[in-house]
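Notes follow the structure.
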Amino acid sequence: MSDFRIIEEKWQKAWEKDRIFESDPNEKEKFFLTIPYPYLNGNLHAGHTRTFTIGDAFARYMRMKGYNVLFPLGFHVTGTPIIGLAELIAKRDERTIEVYTKYHDVPLEDLLQLTTPEKIVEYFSREALQALKSIGYSIDWRRVFTTTDEEYQRFIEWQYWKLKELGLIVKGTHPVRYCPHDQNPVEDHDLLAGEEATIVEFTVIKFRLEDGDLIFPCATLRPETVFGVTNIWVKPTTYVIAEVDGEKWFVSKEAYEKLTYTEKKVRLLEEVDASQFFGKYVIVPLVNRKVPILPAEFVDTDNATGVVMSVPAHAPFDLAAIEDLKRDEETLAKYGIDKSVVESIKPIVLIKTDIEGVPAEKLIRELGVKSQKDKELLDKATKTLYKKEYHTGIMLDNTMNYAGMKVSEAKERVHEDLVKLGLGDVFYEFSEKPVICRCGTKCVVKVVRDQWFLNYSNREWKEKVLNHLEKMRIIPDYYKEEFRNKIEWLRDKACARRKGLGTRIPWDKEWLIESLSDSTIYMAYYILAKYINAGLLKAENMTPEFLDYVLLGKGEVGKVAEASKLSVELIQQIRDDFEYWYPVDLRSSGKDLVANHLLFYLFHHVAIFPPDKWPRAIAVNGYVSLEGKKMSKSKGPLLTMKRAVQQYGADVTRLYILHAAEYDSDADWKSREVEGLANHLRRFYNLVKENYLKEVGELTTLDRWLVSRMQRAIKEVREAMDNLQTRRAVNAAFFELMNDVRWYLRRGGENLAIILDDWIKLLAPFAPHICEELWHLKHDSYVSLESYPEYDETRVDEEAERIEEYLRNLVEDIQEIKKFVSDAKEVYIAPAEDWKVKAAKVVAESGDVGEAMKQLMQDEELRKLGKEVSNFVKKIFKDRKKLMLVKEWEVLQQNLKFIENETGLKVILDTQRVPEEKRRQAVPGKPAIYVA
């Protein structure tokens, strides 16, 4: 790849020298495209490479389509991860040293110097800038910034004053993900594991021990099923009895630890062996029915309270566990449980759906569940049943006051009533585990008092976001439903913390705005950053009045100039820039940000800006794995952008990552495939270089075929790129055209240069360096700024395409037959009889068998053949659009030499030498073939 790297560096320097990707307002239609700025606690990796390359390919495509494209990027450094990393390096943490030297490619001597957040930011921002330039992104680097810049902090302060004025920031008590070591709420960027974990609210239902005051608090997501409880499950291990707000609770050790992070008054009383309670009874709240306590190994003591209520009619796991226990005489004997206690347990149906009988029983039977070990099948049954009952279920008469209610309503009502009556409570838990902070500590759910929260549960705010979502373009479109659901479920979110890098809350300086909350409207800051980096705008100029005017159009420019100490002309120029560029036309991002950043991006734009400045489109791409393994920047394996470019070159890296999977699918980086692609790209380069400057002679049918194929490719690529389908686009622009060109050259084509201008331009967004090098063999302009090829239907030659497809199919068929004939010397070819050609032409244009036959029977020759014509029409009708209607005799005679060269056989056009049975099978476009 060394020669490719020379080419790449040459054009990167030229682009930078001539500043061709610096964008300012002009008379063209604008296109403002952004990608998430990377977090600088490590080197950029293949995940960044994918998201950023998709963004860059689209930016280049839109630029060549004639748009004035703004494609900027900054660097994200706020929050705790960088501080945590500096501490770990300062402590010479072995695992950290290994990860950063082995996976992030940081030389040990450099790494050991990175003992402060400032040094880390300086090092990785320099590395990131170098990597981003080395892969050839068409970014306007005048607008780069980091989120600890003083000017950026003024911008964030302005944003948060706006949100506070709107009543969208509140102080309250909420459950948050929390690191006990850092004593801080944590967000996705702060985590080593569990980035997608959300906080789930369980209903705790208090089952009191019969003849006692000990409470067995069962945590459930389905409080409405309390009427169907037949027993409770406890794991045969050590639990604790704790005093919780004056009550005695029986909970797992893990649950006790979690309770200490709530607002409850909690005190440990004693540890107990759970087995001493097996066979005893508890009272079911509301219905006052007694049910037994039974052992279950499946109970997860690290999930909620570690005590589980059993509803076998509506919970497939419970039903399977009860049936297993009935057969497990050893366990029953071990804990002194009378078998009759378990035998007497019968499911209690309490929800009506279209499932007859006991719903859990029916699903278990249908799925073939044999025992509780069939976890996947039971998971499937549970999800199916819960979804059906939640959306369509009606509570039956045995559910007291809740009879006749929809399950979705009863769930809320039962929860409220249990809590009101003192029979229920709330327990917060993670949706998935483990959740590990970057410092290595296991996180908990903590109920935090007097914390600043973004009021995302505000119904009016949600409705505005939901209404705008319907007007937006989401790519792929099925993600719109996911956005809708996540917006509906989004709750108030802690937006501040006491430790980390970042901007302090302007009205409460003890708190710092956390890293997901200071990165929601920074796309607007790119407009300001150009002036900041030019030295025309400083932090002291960025008064609230200035930002109100340039970003919202509020105020009078003269007064703003006075307050900000800037000229009226400069302020107006910045305002005009903002008016020209905003809103963001496309935000292209990885799918990991759908549940957080992209939601907050929508909420904050809708809150702060007028509707005409709200985002227009969001595109969501999948993850990247490495040789089938999930990548991790904190644990490995990892492929850095820098290493990929050094090893394979920029254009190979770009082409591969764009073609590895369609936009919304996950991609897998496979070194062997990358090396194969590098060879393909080299062949393309050499092919164009050898043919580009050749004179184009008189055009043949074969040349017209090549031009036609190029037009098909142009149409396909444009359609694909308009929908951000980069795999489809690269496939058409590179791989399929390479196949066509190979065929063209096999056929003896000599005018390849006729398509090379279009081909170079077509491929330029994907492999810009090689295309720039080739383009300059003939032109002085930058191909990156040329017009993208337009589809021209008048240059499509369907007849030429049919001829080449006919020949390709014929050669392949002969070669296939030849495999089964030893010592083959000749091939006899017999095209279909004339009457079949005549019939096929009618059938090809007909939409109805009857109509076709009616028309054909008007022909005297065909009428004589009667039944034979009828059978033939039926045979070809289904695939009539695929019929290869060419002048076969003429095509064969003109291409005898080619067929002979390709097959190594002497071609004889003699129908009589082909066996009659084979001749009868011939159809137009698919002649009878006999190899001898």
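Quick reminder: no glycine exception, Cβ is built from N, Cα and C everywhere.
Swiss-Prot has this to say about the protein:
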| type | residues | note |
| --- | --- | --- |
| MOTIF | 38-48 | motif ''HIGH' region' |
| MOTIF | 630-634 | motif ''KMSKS' region' |
| BINDING | Lys633 | ATP binding site |
For the motif ''KMSKS' region' (630-634), what are the same-chain contacts with Cβ under 8 Å, counting residues 6+ beyond its ends?
-> 41-42, 45-47, 99, 103-104, 192, 438, 623-624
Intrachain C-beta neighbours of the residue listed as 'ATP binding site', sequence separation six or more, cut-off 8 angstroms = Asn41, Gly42, His45, Tyr103, His104
When the pLDDT values for the motif ''HIGH' region' (38-48) are averaged, what is the result?
-> 95
Per DSSP, what is the residue count of the motif ''HIGH' region' (38-48) in each of helix, strand and coil?
-> 3 helix, 2 strand, 6 coil
